[in-house]
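*Asks:* Sharing a structure here in structure tokens format.
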């Protein structure tokens with residue numbers, strides 16, 4: 001990361017997220033903003049969820065699976081271009097009082113197959129998610145039914 005961008009990084013160091021690390025990330029988020037850029041494996045997603053619970057707003061970057069240069073799927077194994085693309089397309093996730101999308105409208109989008117959800121996730125530059133998680137993420141990035149309908153049927 002630091003060879004590609006002039007950034008500071010905070011490593012979470014494995015599967016246990018220390019309270020001190022959460023506090024540091026919260027402070028940095030308030031002062032400068034943060035981009036969560038974690039491995040797409042189970043532990044990376046678990047840490048991402050924990051951090052999102054503690055942050056009012058943050059950007060999140062995801063690497064598209066087609067961009068992996070090896071069989072390992074960690075941030076360290078991604079190509080430089082995949083990292084640049086992920087950071088460039090980072091989405092802002094916020095905790096909002098009122099959702100921008102309701103469940104009924106979400107179901108009207110007919111995202112009934114894994115392929116349809118994967119295409120939408122790819123278009124939005126977010127990692128693939130099941131129905132429940134995708135619905136939650138769409139609200140976190142403030143997408144409305146009309147915006148999604150337009151994106152899906154382009």
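Positions of Cβ are set from backbone N, Cα and C atoms, glycine also.
Source: prediction; values computed, not measured.
As listed in TrEMBL for this protein:
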- 6-60: domain 'Toprim' (DOMAIN)
- 74-151: domain 'Ribonuclease M5 C-terminal' (DOMAIN)
*Asks:* What mean pLDDT does the predicted model reach across the domain 'Toprim' (6-60)?
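*Replies:* Here the mean pLDDT over the domain 'Toprim' (6-60) amounts to 89.
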*Asks:* DSSP-wise, what's the residue breakdown of the domain 'Ribonuclease M5 C-terminal' (74-151) into helix, strand and coil?
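*Replies:* Here the numbers are 46 helix, 5 strand, 27 coil.
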